[in-house]
Structure formats: structure tokens, C-alpha cells
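Trainee: Input: one structure, supplied below.
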Amino acid sequence: MDKPEKGNPADVQMSDPGKKSGKQPVTACLICAAFFGALGSSFIYGYNLSVVNAPALYIKAFYNKTWTERYGQPIAAETTTLLWSITVSIFAIGGLLGALCVPIIIKVLGRKGTLLLNNIFAIIAALLLSLGETAKSFEMLIIGRLIIGVDSGIALSALPMYLGEITPRHIRGSIGQFNSILICLGVFTGQVLGLPELLGQESRWIHLFSFLAVPAVLQLCVLPFLPESPRYLLMERRDEAAAEKAFQRFLGKKDVSQELEEVHAEARAQDNLQAASVLQLLKSPAVRWQLITIIVVMACYQLCGLNAIWYYTNGILSEAGFASNIIPYITLSTGAIETLAAIISGLVIERIGRKPLLIFGFAAMAFFFSLLTVFLNIQDTVSWMPYLSYVCILAVIASFCSGPGGIPFVLTGELFEQSYRPAAFMIAGTVNWLSNFAVGLLFPFIQEKLQTFAFLVFVVVCIVGSIYLYIVLPETKNKTFIDISQSFAKINKIPVPTPGHEMELVLNITPDSNGKVQDVVKMESSF
């Protein structure tokens, strides 16, 4: 057989697309962007999930004292409960508002700019929450919780979008898991700082909220010196020079022509390079099942029962005979297990894949929730049964963080091309926060009616989620965004690109500086 001539497109098609990309080292610039991006975003969200637990009694006492000084009579028990419920639940309302704002802010400021702006919300919230007691205003605490909710709502959309667009495809899942790891680390940090020996005292509880400013300031000190998303710069800002420099810094190499051409190919494959509206996303048949998948995954993320598991933890430990003063130290194991499982997931996600980890996580949660239901119903008959119940709780937490705790955010960035991504994250964030609010509102009533059988509701959610993912979700690891979109072409009932159309994406006909037409061959890139 004659050897193909140099430059023949067939040579490109026959080359191994992953061979070169797999050897690329992870640069310090990329790690810094992932870590400090998540530190000022996901970490703050995780921290706020746990930080209000330790000072709850002190905050209620502050509400009572302030009410008495202001109105001359003690606060009614029902009013205290109402104010405390608002303080806790308004965080989710703020998150929803933040998620709704993301497409607008992203369009104006970009991915990195949105993350930087978001730090202002964190710092303002830290000031309101930490100065509320001094100002004798419980309203400041409530408004502070609302604002930090807005911060979290923006962060959980902007950060995964940024990480997904700056990362080579062969490590996109691992870098994306920085979001989940820092959420878990934030939860664990809130538990540790809330211990009585640290800030969980009546004279120190306001400093738990002052700490919110620390990760925000650290991000403000580092992120301005890191590049913006090169995909955003090239496809939305049309600034190829800036995109090239961003690619060079993130990838640690000078020649990034392959990466630039891959983004150009994606741009040519899209009908509209302008960011699509939510209505356009909902109407588009080309992304119908991607959208349904994200809605299902995000709903399962909140409705799978992890938030409800905390309701039983202290009671089970008390039943096991542990003294109430050491239970806070034992429950630190939950935060430690969360963080460890998230780290392990980040290390194995590129080998195992997104789909197996998600299905395993939800299926394992269903299994351990079923065991926990059995153990809770017979724990009064056997003295050592509460220990098994607590092991089940730890297993549920580990199962959640092995996949369902972080991969939904990675998938939201992967399943949609550039123009649809902001609107997709807004819808995913809306589903996320509405589901979060629904669990907080409805679970007490479910638990009151079903008692220890309440977890069977979450068993059903986890099983349904696993079955849906097994049937519908394609594997996305090490695939380009175009490849992922084409994976849904059949189920969306749209034509799969013909070989001729694919060749149009491979060969970009452009005029050279002399006005002559030249062939630019698209090489497979790492993005």
C-alpha cells in the first residue's frame, strides 16, 4: 500500500485522538484555578451547610434577648421557631435567586469575572452575620443568610462552568471534582470550628460567620492573576489572542493551535454562537434529553435523602450510649468520610467514568437506606444495633460523595455546548435549590407520618434515578463537547452528522493573508 501523502486528512482521522492528550502534564496554573476557584465558591457553600448547627442555641438566645430589649417582653416560643426556620431556610431562597442571576452576570463579566464579583456577596454576608449581635439586630443575621445564599447559588453554577471550560478533556472530571471536594471540606471545617473548644461557645459564635470572609479574600488575591476561560474568550468575546494565551498558561505549552481549532470546529457546528435564552433551550429539540437528564440528576442530588440523614445521627449515637458531650466529636467522622469519598471519586473518575459512579452511588444509597430502615426498627431489641445504624449512615454519606455528590455539576457543563451552557446551569441551579427547599419543608411531615420508614421514600428516588441513568445517560469521559452532543442525536431524533458534514468541520476553508484559500486541517486536541 502506498504511504499517504503528508497533510492528507485521512492521516488525521486515523491518528489516536487520546494518545497525545494523555501525556500532557497538569500545570500549576490549572491546579491553582481549580483550588482557589473552589475555595472561594464551593467551600463557602459547604461551610454554610454545617456552620449554623453548633451555635443554634446561642442564636436563639440572641433572638430572645434582642426581642426582650426591643419590645419589653420575652419572645414567644412560636416566634423563636419561626425566626430560626426563616434563618435556616432563607439560605435556599438566596441560592435560587443567585442561580437565576447567573446567565446575565456570566454574559457581562465572563466566568472568572463572575467568580470575582461573587466574593463581594460573601464579604457583605460575613459582615452582616458577624456584626448582627453587636448591632442588636436579628434582621442582619437573616439578611446575611439570604446574601450568602445568593453567593452559593452563583458559585454552584459559575465554578463548574469555568472548570469544565479550562480543563483538557482527559482530566475534565477530576478537575471538576474540586467542586465536590471543597464542598465536603467546607462542611467538615464548619463542624470542626463549631466545637466548644474552638468557636462553638456563646462568646465566640459570631466568629464562625466572620470566617466566611477568609476564603473569599484568598480567592480575590489569587484569581485575578489567572486566565479567563479560553472558550469564553474565543467563542463569545471573539478574542483569539487572549484565548491563545489562556490556553498556553493552562496547558503549559506554546503551540495550542490544535486546541484553538477544536474550539473553532465546535463554533462552526453550532447554529448560534450567542448565549441561548432559557426559552430557546427549552424549545430546542437538539438538547431535549440532555435537559431532561440534568433535571433528573439535579433533583435526585437533593431528593436522595442525604440532608435528611443528619436528623437521625445524634439520636442513634445517644441510643448507642455515647455521652451527649462527646457526640459532636463522633459526628466529625461524617465530615471526614464525606471529604475522603469525594477525593477518591476525583482520583478514579477518569478511569471508571461518570455513568458507573453515578449509578453505583445511587444504588448503594438505596441499599444502605434499606438496611438503615431495618436497623432503626429493631435497634431497641439488640444493644449493639445502634452501632450498625451509624455504620449505615456513614456508608450512605460515602456512597453519595462517591458520585452523586459532585458529578451532576460536571455533567451540566459537559452535556451542553457553549451557547446553551449558561441557560442549562440556570435551570440546573433552579431545580437544585427548589429541591433543597422542598426537602427542608416536607421531610419533617414525612418523618412524622412514616417515622423510621421515612427513608424508604429516598430508596425509591435513588432506584428510579439509577434506572434512568442506566437507560439514558451516555458515558462522557474523554469526549469533546461535540462528541457528547452527537451521543444524544438518536434519542433526540435529530440527524446524526454525515461524514461529509464532519469533513467540513475537519477542513476549515479560510483565506490567507494574500486572499487565497487555504486548507486548515483540524487536529484532534486535548479539549
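Including glycine, each Cβ sits where the backbone N, Cα and C put it.
Note that TrEMBL annotation is computational and uncurated.
Per TrEMBL, the feature region 'Disordered' maps to 1-22. For 26-47, 82-106, 113-131, 143-163, 175-193, 205-226, 291-311, 326-349, 356-375, 387-411, 423-446, 452-473, the entry in TrEMBL reads transmembrane segment. If you look up TrEMBL, you'll see 34-477 marked as domain 'Major facilitator superfamily (MFS) profile'.
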Trainee: So which of 82-106, 113-131, 356-375 has the most C-beta pairs under 8 Å when paired with the transmembrane segment (291-311)?
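Mentor: Selected stretch: 356-375, with the most Cβ pairs under 8 Å.
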Trainee: Cβ pairs under 8 Å only, please: of the recorded stretches 175-193, 356-375, 387-411, 452-473, which one is richest in them relative to the transmembrane segment (143-163)?
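Mentor: The stretch with the most contacts is 175-193.
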Trainee: By Cβ distance under 8 Å, which residues at least 6 away from the ends of the transmembrane segment (205-226) in the same chain are close to it?
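Mentor: Answer is 29, 32-33, 36-37, 39-41, 43-44, 47-48, 51, 54-55, 58-59, 112, 115-116, 119, 122-123, 125-127, 129-134, 144, 148, 190, 193-194, 199, 249.
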Trainee: Same-chain Cβ contacts of the transmembrane segment (175-193) under 8 Å, 6 or more residues past its ends?
Mentor: 30, 34-35, 37-39, 41-51, 53-54, 156, 159-160, 163-164, 166-167, 199-200, 208, 211, 328, 331-332, 334-336, 338-339, 341-343, 345-346, 349, 401, 405-407, 409-410, 413
Trainee: Might you confirm whether the transmembrane segment (26-47) is in contact with the transmembrane segment (113-131), defined here as three or more C-beta pairs under 8 A between residues 6 or more apart in sequence?
Mentor: yes
Trainee: Let me spell it out: take the transmembrane segment (356-375), skip the flanking residues so only those 6+ beyond its ends count, and list any with a Cβ under 8 Å from a Cβ in it.
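Mentor: Residues 297, 300, 304-306, 345, 348-349, 385, 388-389, 392-393, 395-396, 399-405, 407-408, 452-453, 455-456, 458-459, 462-463, 465-466, 469-470, 473.
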Trainee: Considering only Cβ pairs within less than 8 angstroms, which of the stretches 387-411, 423-446, 452-473 has the most against the transmembrane segment (326-349)?
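Mentor: Answer, by Cβ pair count: 387-411.
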